[in-house]
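What TrEMBL annotates here:
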type	residues	note
BINDING	SER52, TYR116	Fe-coproporphyrin III binding site
BINDING	HIS171, GLU259	Fe(2+) binding site
Amino acid sequence: MSYDALLWLSFGGPEGPEDVRPFLENVTRGRGVPPERLDEVEQHYQHFGGVSPINRLNRDAIAAVEPLVDLPIYFGNRNWHPMVEDTLAEMARAGVKRALVFPTSAYGGYSACRQYDEDILRARAAVGENAPELVKLRQFFDHPLFVESFADAVREAAKDLGEHRLVFTAHSVPLSADQAAGPPEDGGRLYSRQVAEAARLVARELGVAEYDVVWQSRSGPPQIPWLEPDVVDHIEALHERGVPAVVVCPIGFVSDHLEVVWDLDTEARDKAAELGMGFGRAATPNNDPRFARLVAELVAEHTDGVPARRLSEFPAYGCTVNGAFCATLCCEPARRRG
Ligand SMILES: CC1=C(CCC(=O)O)c2cc3nc(cc4[nH]c(cc5[nH]c(cc1n2)c(C)c5CCC(=O)O)c(CCC(=O)O)c4C)C(CCC(=O)O)=C3C
Ligand SMILES: [Fe+2]
């Protein structure tokens, strides 16, 4: 199959103090996130001058991928400029008929996969009949280049720490969303099980037998259960068990965006310092040259029939055309069910 372009599809983030509130409103529209939580998150962004690093990190990664692929790369986001609707309109004007889409998430689940399908549907509907055909690349949580880059990052973060516990962290989601993650016939929990599998692969690469998988950045109303334990609470629990230091590996993310620099480099690091524990945080893959190669390989699976490299046989989906869902009821949000 031939393609005219690659669309880099990401979350988006504010680029100045006035952007923060409208960005947060875009993210949480219709999601029942309490206003107090939004006020709190607004402060995290304002602490960094209202600028999330995520757009810059995406632009850097795109620049690293450009020399490795034969396609022009376009950049569009779900929640902030450049908005994917505008990017897709620009692609249509440039004559793009069929494009691959790289979503900046390695996993399945509603927030990590299906919501990017919804972005594709929305953007194609906005552009209308000239909308390019869009083929989304697959979930890559078990790609050897993803796993190796995290393993090296953990080695680097741990190098001066001595005895420590390795703790993987990913974005928490409501338990109901995790239960609905993946095609129902797979039994659900695709997101948390893929995160656990990626953690297992990185730990295996490092030869580490004991480690934990925990969650961060929980949102939503307090009465709704989300994946636990939270990383900060877990650091306290490790301290009580006499663990002298932690290395936190943000396996759930591809870049050091605001939820990594705030929730880990600020909150988790401060908690460890308060308890007198050593703390190291592994870098995410975004700026590792292997990440650019990973994207180029995912593209080559489609353009050159290069076989998919995977370290596990764990269920993986995500590759669909024009925003179709991976399977009937795949990652269907509970609130939208009958
Ligand atoms: C699974 C997952 C990923 C990983 C997959 C992927 O990477 O796509 C992810 C990534 C990200 N999440 C991000 C930011 C936010 N997420 C929020 C809220 C939420 N995230 C959720 C899940 C996830 N989120 C959920 C279930 C909610 C509740 C609302 C809802 O049901 O949708 C909120 C609202 C405020 C709050 O925290 O309450 C913000 C600001 C940023 C950008 C950071 C930056 O600006 O640098 C990134 C990359
Ligand atoms: Fe999020």
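Glycine is treated like the rest: Cβ placed from N, Cα and C.
This view paints the features noted in TrEMBL onto the structure.
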residue: SER52; record: Fe-coproporphyrin III binding site; DSSP (3 states): coil
residue: TYR116; record: Fe-coproporphyrin III binding site; DSSP (3 states): helix
residue: HIS171; record: Fe(2+) binding site; DSSP (3 states): strand
residue: GLU259; record: Fe(2+) binding site; DSSP (3 states): helix
Long-range same-chain neighbours of SER52 (Fe-coproporphyrin III binding site), Cβ under 8 Å, sequence gap at least 6?
GLY13, PRO14, GLU15, TYR45, HIS257, LEU258
I'm trying to understand the geometry here, so how far is the Cα atom of GLU259 (Fe(2+) binding site) from the Cα atom of TYR116 (Fe-coproporphyrin III binding site), in Å to the nearest whole number?
19
Long-range neighbours only, meaning 6 or more apart in sequence with Cβ under 8 Å: which ones does HIS171 (Fe(2+) binding site) have?
SER111, ALA112, TRP215, GLN216, SER217, GLY252, PHE253, GLU259
Return the residues near TYR116 (Fe-coproporphyrin III binding site), defined as same-chain residues 6+ apart in sequence whose C-beta is under 8 angstroms from its C-beta, sorted by sequence, else 'none'.
LEU9, ARG78, VAL101, PRO103, SER105, LYS136
At a 10 Å cut-off from the C-beta of GLU259 (Fe(2+) binding site), count the other C-beta atoms across all protein chains.
21
